[in-house]
Structures are given as structure tokens and as C-alpha cells.
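Below: the structure, in C-alpha cells.
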């Protein structure tokens, strides 16, 4: 049935007139001007109906027709890619065309004249295209709109409490049984539709005498046309309002067929004849307009009496919309003061009664429970609404203020909820001058001049600018929707959920994610088994459930995350006595449903369940009695029978021992031999897991069996597999369904792009947790704990393709790094599995970077960029791309270096320097505390031996000399020393020179350093004082240089091979033993100072030799070119090519260089 109606919307009218009824069959009711379409999806088409349809097109954004037309499909050709559609049943009364989810229908245009059709079903006199993003009107290009329209054929009927009835047999209506499975009794079938306080209620019964109800919609009594469809498909009943799925339910009882009565009433009916009590109460009449009422494709309005009016006469009351912080001032003139209102769900001031001095007399506010509260200004008396009516629910409500003598009454929806009495009321009736409306929402009245009253702030006259964002409820996971403003909503989420639509869960998606989150911030990770609530899809629609998580070593000794799901059968199931095959049934309860099982098992590479069958007294498993059928089996999550045991192939009627040919008596199971035995094994076939039921039997009075089923154990989460992108032009692609998370999230639609950026750097070589979401209210990007939001209305694109990595496979601007645990709309993307299937180039399983084989030398840290690497030399005294550059200084006589006061952040217990000198009896390092007496001196003796002197400023004095090695032998020696709480150690060329026991932690207080005294001549390099490197960064290290002689940075002689002495990259303060990298990795390049005769002579000889070689090569090339025969060229011609085939790149010369008259195909060009 497809009825179309338009109804009155004034509070003075009956609140809920009935539209259509069938005794024991059908009734439709409404209280407003609206379009009602009651559509039964199983209707039987009538051969007597015919329609005239046409294809039309126009180049405009608005199309109109003289008569009402039925629009069946729409296509748009335009360079702008997306539009919204508005339609009007009346002149200029446009309303948006919506999808079933309540969002505006998106029309994607085609850039060519090949149409992309969108199927709709609306009645309209006018259509209007609206771009989803505004453009410059001067540059606007008119789109080409193509439509398929059909004649409506239905007249418009106006009802004024005067229904009519239709003979269902004469009209050709039969029992609706073509798509149903059950028959129905001839009595008790009803279908009733009515509108009460702007909400549609449909009551139906298919003969079970237990009526069901479905309702939907809000504020439908707004004087506009509305579309209603009621659809029944066996066990499903759906209600659509204006094309939006408002509600759905299942019918009660066993019957699924609607039998129509012989009489169908439209616009009312004899509801008193119904014997069953119904809720809500039925209305007997209807006042408004109907346009289309179709039942079994029969147009019932065409069967209306000829004397009924065919013109809809309906007046719309004046209306007003108040935005936040605005108000309307209504001068008081008469009582009762009445109007209708529709409010936003926020606690604020609703109405105030004021005197001529603009002072409040009475104030009515909306409290947190969305009920009215009255406050008297003179007596400070406060009264709450009784009964408490929810006035901010988005529906229209009536308000009436009455003052009679000494009593004031306030009515809402015809019910007195607030009142005042006494002399205060008498005084108020005399002094009342104006009534101020200040709550954000819509107002309408037939008695108040809302078009001409004074207002303040932002308002809109003549329309209600509130858009219901909470019908249907966009909040998921039990979240409640609240209309927070005229055009927006908020979702109040239950505990454990968050996000704009309550679609995010606080629970981890898996045990792997749980342990990862626990390991953040350096927290110690416990590997013991614990119960964890996980949400496998990260929000909705699958509910969270509890599993047991642990970390155990696998066969290779590697830690593996184990997910375990247990059932209630902890002890073996023992069956004795005489039983038939499968007689004893036990269901295993995992406390999750089938959808949760599917999602859990399918997300792992390996799941297993231990199965054990122990038989005694001759009980058999797979060969019971003469027919040799199984005596016991199990069922899977798909209710399939499992006819194998343990690791045997599915449905093979075998046991694990048969796979190794070691079953007792050469049977297929140990328990088929007639002897006592055990069949045991792990079932690893995911399609058979988990085991949901056991069917055990086949025992006798002398035999017994014991069956054990272990918990479901899963490991190797597919989505948690890591994949490494080592090529920025590589990518992975796939398909997924999309519904209504320095990182950049971008949404592009209709030629517009919207971005949200996070400022946190993520190219630091550590794991980051990234969540990006986009919905109709905006975008949110969270990186670890930092979050950025972009609040704006967004039309989400409809695409099924996703790409991870490079967009275009060129330019090298794609992603390089490691990914894991990727979810898209709650669906896991197993990138490791996808990479294996696609065999994608530049993408590898696991965490594989370029630092596995690097040549960062001298303790440099390799920084992995995954498609390349770089070397971080900041913690070493070396520099260069590969940390091979040795920062050094040539020091002449009368020169010295010092650090007058070291930065406190650079003080440390470990230090280093390398020297090459022939000087003796000189000081190398002198250090002391600026505010203490502690000191340290490292020097060379007169024989070139290394000597130290230490004083802690109190009592400890140590002096020692290292005799075996002469430092003053003009060979570079690497000296490192480190102090700790228990010892002092100094090494020379990686050999321990001093190892003194004692507390040397006072080295931390040294902040004044004198390096190299004025008697020293030689080279100084690899200098490290604490965590500073004075030769590498003199400014930051506060290095002061005093020189009267030749002092040059980076100029040191190297007459003999240098001794490998790598930098000690770190010293532990708790352990004085330094950690040295391999000496084979030391790479140093140094230059000779001016005046070094050996290097100068070698360089000169080598330069002369190279010049001679170059001159010889040049002379040979010139001689060859001069002697080359004419006509011998390297060309691109191929004689077998067609005559018109190009022989070179598009940059060939305009004319031919050589033309062959006899062989035109061999014409030569310069390319």
C-alpha cells in the first residue's frame, strides 16, 4: 500500500486522527500535512494498472512540472562530481532527498554523457540540484540532468474527518500470500497506521491475536509532506520515514501472512469494532491530505467517492527559529497565550514573563532532565513540572499560559504541569507587559504574530531550521543521541566506548595489542596468563568478550602471544551404560556468539583444540556396530558434524594414529580395535573450530568412554604481522566496504579536500599507534596520546578501493617503514598475507630495514629509513656520512686548550682523547671542580710514559705511571678513562693501563678543564669531555683556544699506519669497564699538514701520472674520430618496420639526414 497524505498541524485540532483502516485488516492515521507511503514488498501486481513513463533531460539546477510526477531514477553529467537533491510536492516547499541511514542522498555525476543512474522513488512537482560544496557563481557550469519520470495517476484528496471505504474484492485485492511460508486464520489480521504527536505508529497482526507495534519518525506534524513505507518480509518488518529506515522488528506468533478483510477504510474507520486492546489508543478520524495510497499495486485513492475534494487546502501557521543567544519579545495582549515549540536538548531559559520595566516576574527554564521548572521572582518559589514531560525531545509540543483571577496555569500538550496561586498572580496579571522566548528551537502559532514581533540575535522567520540528527539514532554501542544544536547532535556513550558516534572501544582488539599497550613507556611486561576483554572489530557491531592472554616460547624459543578461549567442560565427559550412538549431547559454552567465533578464528593463522577420546571395555569410536558408523562425533560453529578426531583430515573418519600408520590392530583409530586405548590429537582445521557440541554414545553395560575437549588456542594474529615497505613506489591495494581515524588524514569528494594534521613526528624509528577516523561531523587524527580534530560537515566518498603505500607507483613519495595491526572500519587487514599473495615488489614480511647491513663506523648509530639509511654520529667524536671523519687539530708550541666552565648537562664520568706527538714531560688533561678541591691530572713523563694524579679533595690521593708503552713515539694513541663508584679505569689502544679500586664518583663534579699545555706539539683528535666533543663542536662545548704558533683544525700528519682504537661509545656509571666496538670497523681519513715531505711527493707523482693517462686517452679518441669511414652511423632504422613507423623518440629532427630513394624505409633522422 502506497498512500500519500497531507495533514493539519495545529494544536487546536484533534491530536491523532486516523488515516486508513480495514476492519480486522488495515488502518492508517496521521495528524499533519505529510506524504504517507505504506509499501508492502510482497504485493501482488495488478494487470489492470499501466503507467506512462518518459526520459527527460535539462541543463539547469531546477526542474518543475505542472502535475505531480513520480521520479524513478536520476543521473547528472557535470564536471562537479557530487550533488544533493531537493524535491517539492508543493510549490517551492523543498526538502532534501535522504538515504535509508538519514544522510542526504549523494548523486555522483559523470564527466561524460554516459549516465550513472541513481534509482529513487519519489513524488514531486519540482526538483533542485544542490552542490555539496559552494562554488563561484560566475564560473558555475550548469549540469545536465537526466530523469526517468512517470505519471502519478493518483488524485490529491482532502480529508475533514470523513473517511471512505473500498471493497477489497471489487478492487482486485487478494490475500497477501505470495511470499509467505505460513497460512493464516481469516479472523484477527489487522494493519493500523496512525500518527500521534508527530510520530508514526503501525500496529499489525497476521492472525496470532498478539498484535505487534512499530513506530518511528519525529516532528512529522510540521505541515510538510512526508513519505511512509511499511515493508514486511517474512520475519522482518521495516518502517521507512522519508526514505530513512526508522525502525525494524520481527512479528510475533507463528503466522506470517496478512489476510485482508472485505472492507478497507481510508481516512478513518470503525475502530470501535476492534475487540483487542491496542497501544497506543486508536484514533477514529483523519484531517489532512492524501496523495498516493497503493495496496497490492492498486491505487485506492482512485476508488474514492467522486464528491470528495481533489484539492489540498492547507494553511501553514507562522513559524520562527531562534538560534543560540537570541530571543523574541512578544508584547502581551490577551490570554490564553498559546503556541507550539520544538526545542534543542540543552538546559537553558525557555520563557520569561516581564513587566514594563523589563523585570522578570516569572521564569520558566529547562532543567537537566529536559523538563520545565518554574521560578517566581518575587517569592523565589520554585516548582518542577508535574508530571515531568520531556519537552526537549525534538518533537512539537503545545504550550498554553492561562491566568484566571488569582491562579496561573501552564499547560503542555493539554496537561497542566505548572501553576501559581495567590496575590502574586493578581499582581502579575496587572503588570505583565511582555513574554520573552529565549530557548534555541522552533516556534509556531496561529494566534501570535511571529513574523512581526521584535527579535534579538540570529533568527529565521517563516521556517523551522532544525534538522533532526537523532532519527535514526546514529550512535552505536548503546549510545544515546542528543540534539545539541539546530543542526548537530552529540552521542552520550556508555562506559568503555568513545568517539563521535560511540564507535570506538577502550578494549584492545587482541591479546597482541593488549601486550603492546602494556609495554609502552618502558613498563615491565608480565607474561603470565590473565583474563582480558577484547573487542575484535574495535567498536561495533561485534560485542567485546573475554579471553585469556599469555606469552609463551614456541618451538624456536621465541616469545609468542597465545589467545585462549575456554568453555565450561573442564573435566572429561564420562559415558557408561547402554547408549545409542551420539545419544549423550553436551553443548560447549564459550560465552560468545557465532559472529564473535567467526571473527576470532578467521583472524589467526593457526588455531587448535585438543581432542582426547579414551575407550574401555571394547567401546569403538568410528566403527560402531554392524553399519560401522561413528559412535561419537562433534559439531562445529556452523552446525556441521565433525567425523574425524584430532589432527586427522576433515570428515575422514580417521584418528591421528592413522596418519602415521601406528593404530592398534592396523585400524583407523586406536579405539576401533576393541581394546582399551586413547585417540588424542590437536584439531588445527579452522573451519571445524571451535567445537560447539559433543555427541557421545555407543557404550554397553561393560564399556565406557571419556571425552576431553581442550580450550581453543590461537596464535599468530594475521593483522599483527609486520610488513616492511623498502621502496617508496611500492604499494598494496584491495577492496573493503566503507560505512557512515608528521601524519595527515585527507578526505576528497566533489573536487574539495579536507585535511587534519598531527604535529608529532613519527619518523623516529619506534612504533606509533595511529588512529584516523572520518565521519559526517569531521575528522580526528590521534598519534599515540596526541589528538587533532577538524570539526566540519563532510560528505564521505563512496569507494571500495584502498591503497597502502604509494599512490602512483612513481616519484618516490610513498611510504617507507613497517606496518602492523591495520584495521579498516573494524575489519582487520592482514598485510602479511596480502603481501604474500600479491608477491609485491619492495614489500617484505617482517621487520626488515636497511640497517641490517650497514657501514656506519666508529660507533655511529644506524638510522633506518627502510628504503635507505643514515648514520647518526652525534654520540661520537667522529663525523661524516658514515662516521669516518676524524675531527682533529694540529697544535704547535705555545698553544693550549681549555674549557673554563663546562655545561652541567655535559658532565659525565667518561672521557677520551687521541694524541700523536714526540713531546715529553707535558700535561695532557687537567681537570678540577670549580667549587671544590678535587682534581685530576693526566700527563706524559720525561720518558714519554703515561702518568696520572688524582685527589678527591678530602683524603684520597693516587699517583701512578704506566711504564710499558712510550706514548711519545709519533704514533696516534687512543686514550680513554672512566670513573665509577668502585674503580677508575684507563685504557690505551684498548689495553688497560690503570685499574684502581675506590670511589671515584667525584669525577662527576669536574667542570674546569685544561687540555694540552704550551710545551706540547703534535696532533689531538677524538676528543670527548663528558658528553661534549670540543673539536667537533667547539661552540657548544665552550672550548677556548689560546695559540701563539701554528694551530690548524683538521690537519694532522699520519706518517705511519694508525692504530685501530675505536671510540668507547658508552660507559656505564655502575660499571667502569668500557664497551668497545669491533676494531675492524674503525675507519679514519686524515690529511697532512703543509710541509709534510712524504705526502707532498707522493701526491705530486700521482697527479703527473693521471694527467699523462688522460692525455693519451684524449689523443687516441681524436685519432679514431678523424679516421672513421664516412656513412657509418648508429641509427634506429629497422628495414622490416612499416613505412610510417617512427624510427626514434618523438624528439627526432624535422627533416631526414639521409634519404635512400631505393629503400625509403631506411630514411635516417637525427634523434
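Don't overthink the numbers, they just go from 1 along the chain as shown.
Here the Cβ of each residue, glycine as well, is placed from N, Cα and C on the backbone.
Note that TrEMBL annotation is computational and uncurated.
The shown structure was predicted, so the numbers you read here are calculated from the model rather than taken from an experiment.
For 1-48, the entry in TrEMBL reads signal peptide.
The domain 'Laminin G' annotation in TrEMBL covers 134-312 (among others).
Outside the domain 'EGF-like' (466-503) by six or more residues, the chain places 101-102, 216-219, 241, 244-247, 321, 323-324, 342, 344-346, 392, 394, 440-442, 539-541, 544, 740, 773, 775, 777-778, 780 with a CB less than 8 A from a CB of the stretch. What TrEMBL records for 466-503 (among others) is domain 'EGF-like'.
Annotation comment: TrEMBL describes 493-502 as disulfide bond. Sequence-distant neighbours of residue 502 (disulfide bond) (same chain, 6+ apart, CB under 8 A from its CB) are 475, 476, 477, 478, 479, 491, 492, 493, 494.
The domain 'Laminin G' annotation in TrEMBL covers 675-851 (among others).
The domain 'EGF-like' annotation in TrEMBL covers 847-884 (among others). For the domain 'EGF-like' (847-884), the number of residues in each DSSP class (helix H, G, I; strand E, B; coil) is 3 helix, 10 strand, 25 coil.
Per-residue confidence over the domain 'Laminin G' (675-851) averages out at a pLDDT of 76. Reduced to three states, the DSSP call for residue 502 (disulfide bond) is coil. Taking all protein chains in view, 22 other C-beta atoms sit within 10 angstroms of the C-beta of residue 493 (disulfide bond).
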